[in-house]
């Protein structure tokens, strides 16, 4: 394995379900009418970060590590999954440089709690995580409010 940095991309999408708690970017968004459906808490930002880390390290994907066949992760927080993903990446011989995640959806508006979200995900990851948000201008499942998505990029460096 060369000592060159490696980059991975992760994507996660969840349906929004009325009455479900809205966990996004390691935070509970009180007052949201719907939250992401999922085996765990459905935190698309944390899940995309996990997938980006796994991809960068060549360790598979979120489903391989935390999928529905693993009952111990049912209802798990995205922060818990991200902390475990970071541990596995380090155990495989990598240091985490940083992770960047973009949340795609109409709600919640991540910009108003960006610093808090970055702190929560960075704490879980043990490395800097930047958080941004965007919409699809009313197009597609996120634009219609049917779902929420996230896209992440991670940089890891072999030790």
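Glycine too: its Cβ is placed from the backbone N, Cα and C atoms.
In the record from Swiss-Prot, residues 12, 14 bind divalent metal cation; the candidate from 39, 47 listed for the same site is 47. In terms of Cα distance, none of the recorded positions chosen from 14, 39, 135 sits within 10 Å of residue 62 (4-CDP-2-C-methyl-D-erythritol 2-phosphate binding site). For residue 47 (divalent metal cation binding site), the nearest of the recorded positions by C-alpha distance turns out to be 40; the candidates were 40, 134, 135, 136, 144. Around the Cβ of residue 12 (divalent metal cation binding site), 26 further Cβ atoms fall within 10 Å across all displayed protein chains.
When each of the binding-site residues 40, 134 is scored by how many other Cβ atoms sit within 10 Å of its Cβ, 134 comes out lowest. Each of the binding-site residues 14, 144 was scored by how many other Cβ atoms lie within 10 Å of its Cβ, and the smallest score goes to 144. Other C-beta atoms found within 10 angstroms of the C-beta of residue 47 (divalent metal cation binding site) number 30, with every protein chain shown included.
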